[in-house]
Amino acid sequence: MTSEARHVLVLAGGLTHEREVSLRSGSRITEALRSEGLEVSLRDADAALLPWIAEHRPDAAVIALHGGRGENGAVQAVLEMTGIPYVGTDSWNCRLAWNKPTAKQLLQRQGLATATWYTLAHDTFRDLGANALVDALAGSLGLPLMVKPINGGSALGSSAVHETADMPSALVGAFAYGDVVLVERFITGTEVSVTVLEGPDGPRALPAVEVVPASGVFDYEARYTAGSTTYHTPARLDEQATGNAADLALAAHRILGLRDISRTDAIVDEHGVAQFLEVAVSPGLTETSMLPMAVGASGLHLGRVYADLIEQAIARGR
Amino acid sequence: MPGTSLDQHRDRYAQRTEGMRASAIRALFAVANRPEVVSLAGGMPYLQSLPLDGLAEEFGQLVAKDGLVALQYGSGQGIPELREQICQVMALEGIKAHPDDVVVTVGSQMALDLTTRIFCDPGDVILAEAPSYVGALGTFSAYQAQVVHVAMDDDGLIPEALVAAIEQCRAAGRRVKLLYTIPNFQNPAGVTLSEARRPVIAEICRSAGVTVLEDNPYGLLGFDSTMRRAIRADDPDNVIYLGSFSKTFAPGLRVGWALAPHAVREKLVLANESTTLNPPVFNQMAISRYLATFDWQSQIKAYRQTYLERRDAMLGALAAHMPEGTTWTVPDGGFYVWVTLPEGFDSAAMLPRAVSARVAYVPGTAFYADQLGSRQLRLSYCFPTPERIVEGVRRLAGVLDGELEVMRTFGTGATRAVRGPQSPSPDTA
C-alpha cells in the first residue's frame, strides 16, 4: 500500500521537562515524513488537540512527546479512545515501561542482567532519617552509585555518586523531578543504546550506538551539545558482546510488550554482559539522538522507517 | 572506526564558545510560553496598550512615501533625525548631548557588545553589580573579559565596595577597564542607585581610570514619575551611556543607542559598520515617526501604570504567600523583583519542581559570573496580568513548601554547581 495520501498527526511539545527536546524531535520527524510524501500536521498535546482530531480525523499519529504524558501511556490512551491508530507501544505497556524500577524488575525476573537497585520515596528518607538511609544504601549497594528519578529521560535529575557525602545533593536533584527515586549500583563498561525495529517479520535489533561523552558523564549537556559526545555505530564491541546487547534489547522489547519501535539503553560490562538501564517507548529523534543514528547505520531512512510503521499501525487498527 | 561527534567543526571553534552549550536549566524554560504556565521568568514588555492601528497606518505611509530611503542602506551611525530625537529623550534625565555623539545600534545589547569589543582584551576586568544583567554577562564572557562583582544595597552600588574591588584587582595585577552599571530599577535586583551616590561612583571611576558603562533601559519607567538624573549628565567624558526603545516602545524593532565621548564614538561607529554595516533604516525611521507623530510620553505613562499595578500585585502576593525568612526588593520602577529565599534553598535545583507546578522564574545564579545567587531568583511582573501574577506566586509558594520538605529531610547545603546558560531566550514571556 502506498502512503502518499496519508495524513499523519505528529505530536510534539507537551508540558514536560523534555518539551524542548520533543519539539526538536517533532520537527525532525515531520520533515522526514513529508520527504516521504505524507501530509503531516505537527501539533502540541494541549486543549486544542481533541477538537482538532475530531475535525480532521488523521489516518494515524506519531508520538514524538518525551517524558510525562507522552511516555506514560496517557496520550496513547487518548489516541486509543479516539480510534486513531498510532505508532508505538500501547497505553498499558507504556505505563509499565515508563516506570524504570518496574521495567528493571520485569526483566530481572526473566533472568536478564540489570544493576542492583532500590526504589525509595522521599517520605522514606524523611521518616527513617536521611543520613541513616544514605549510609545503608551505600553499605548495601557500594559506591559509586547512580541516583535518578524513576520516570523521564534525557538524564534529567540523574547523577553519579562517588562519595557518600555527595548523596544528599544527588537525591535533592532527583527529587526535584518526582517523589520517588531509583538508586542503583554504578556499572562500569561500554554505554550503548540499541534500537529495536518491529516489522512484518518481527522485531530486529539495529546496530548498537556506543556513546563516549567527553566529560565522562552522558548528561543533558553531553546529549544535546553537538560535539561533546563521540558516537560509535556500530559499537566497538566484540561479536559476543554485540550479540548480548542486541539480545537484551530484543528481550526488553518482548518482555515489556513494546511495539513498533523502542530503544534500550544498557551498559556492557567488563565480562561482555549487557546490563539493562532503561527503555524509551518514544525515543528522541533529534539531530543528536541515537535512534536516528542506528537507523542511518542500517542503511535505512528515518522517514521511510516511520512511514512503514504508520502503515503497520493503520493495518493494525489502533 | 573513529566515531562521530556530530560536529565536524568541534576542534575549530574559538575558546570563547566554551560556555555555549546545551543546558538542562535553559531547556526547562521551553514550557514557559505555554498558557498553562505562569511565567515570571522573561522580560517581555506588555505591548497590548500600543496604538497598533495608528502604527500600522504610519508604518504603511513610511513605505509608500519614503520607501526608497527606508529600504536602502544607511549610515553606520544611524539616521540624523532619530539621533536628534534620542537627544531629546535623554534630556529628560538631565543629559545634554549632541546628535553627533549618538550611535544607533541594533538594540542596546549591540551597543554593549560593541563597547566590550573596543575596550576589552581577554582577561581584562569588568566590574558589575552583584547581581547583574544576564545578557551583559554573556557578552562579557564572549569577549573573555573577567567579571568582578561589586556589592549593592538598597541604594544600589556601594561606593566602598567599588573602591575595594578596584584595589583588589589592581593588587592582583589585573586591568580594570569598565564599570558596568544599571543605575535605575536594576535588572535583576530592582534597586536604584541613590542620587547621592551617583557623583561618588562617577568620581571613583574617573580617578581610577575606569570607564563607566551606564545601561539605562528602564530609566523612564519609574512609578513615581520622578526623573532620576543620569550619571552621564554630570560626567560626559568618562561615561558611555546606553539607551533603548525596547522597554519604552517596542523591542521587536531592535533599536537602541550608545552616547559616547567623541573618541569612543568614532570607534563605535567603525565597530558598528563592521558588524551590521548600518542599523536597520526602516526600523529607525519607524521609531522616528512614532516619536514625531504619537504622544509617546503618554504611552510611557500608560506603561508605568500597567507595571505599577503588576508590581503591587506581585508584592502583595509575595507578602501573602512566601515562607518566613524570604525577603525581596521593592522596585520603584522597571520589571523585576529580586527574591532571596531562606538559607539552604537552591533556586536552580528547584526549577524542575516549579515547571511541574506550572510556574517559571529565573534562578539567581544566572545573574552572577561566579556561581553565587543560588538562594535568589528573579521574578518579572511586566507581562502576566495581575491575576496571573498572584496565581504564579501562589504556585511558587507551593514549590517552596515541597522544596522545604526535601531540605528538612536532607539538610541544607546540598546545592549543586550549575553550568551553561540558565536564562530564558528573549522571546520568553
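Think of each number as a place in line: the chain as shown, counted from 1.
Each residue, glycine too, has its Cβ placed from N, Cα and C.
All annotation found in TrEMBL is predicted automatically rather than curated by experts.
Lifted from TrEMBL, the feature list:
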- A:GLU18: active site (ACT_SITE)
- A:SER154: active site (ACT_SITE)
- A:SER289: active site (ACT_SITE)
- A:ASP265, A:GLU278: Mg(2+) 1 binding site (BINDING)
- A:GLU278: Mg(2+) 2 binding site (BINDING)
- A:104-311: domain 'ATP-grasp' (DOMAIN)
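The active-site residues shown are A:GLU18, A:SER154, A:SER289; of these, the one with its CA atom nearest the CA of A:GLU278 (Mg(2+) 1 binding site) is A:SER154. For the recorded positions A:GLU18, A:ASP265, A:GLU278, the greatest number of Cβ atoms within 10 Å around a candidate Cβ is found at A:GLU18. Candidate recorded positions: A:GLU18, A:ASP265, A:SER289. Nearest to A:SER154 (active site) by Cα distance: A:GLU18. Taken residue by residue with DSSP, A:ASP265 (Mg(2+) 1 binding site) is part of a strand. Mapped onto three states, the DSSP output places A:GLU278 (Mg(2+) 1 binding site) in strand. Looking at A:GLU18 (active site) and A:SER289 (active site), their Cα atoms lie 13 Å from each other. The C-beta environment of A:SER289 (active site), restricted to residues of the same chain at least 6 apart in sequence and closer than 8 Å, consists of A:SER25, A:PRO283.
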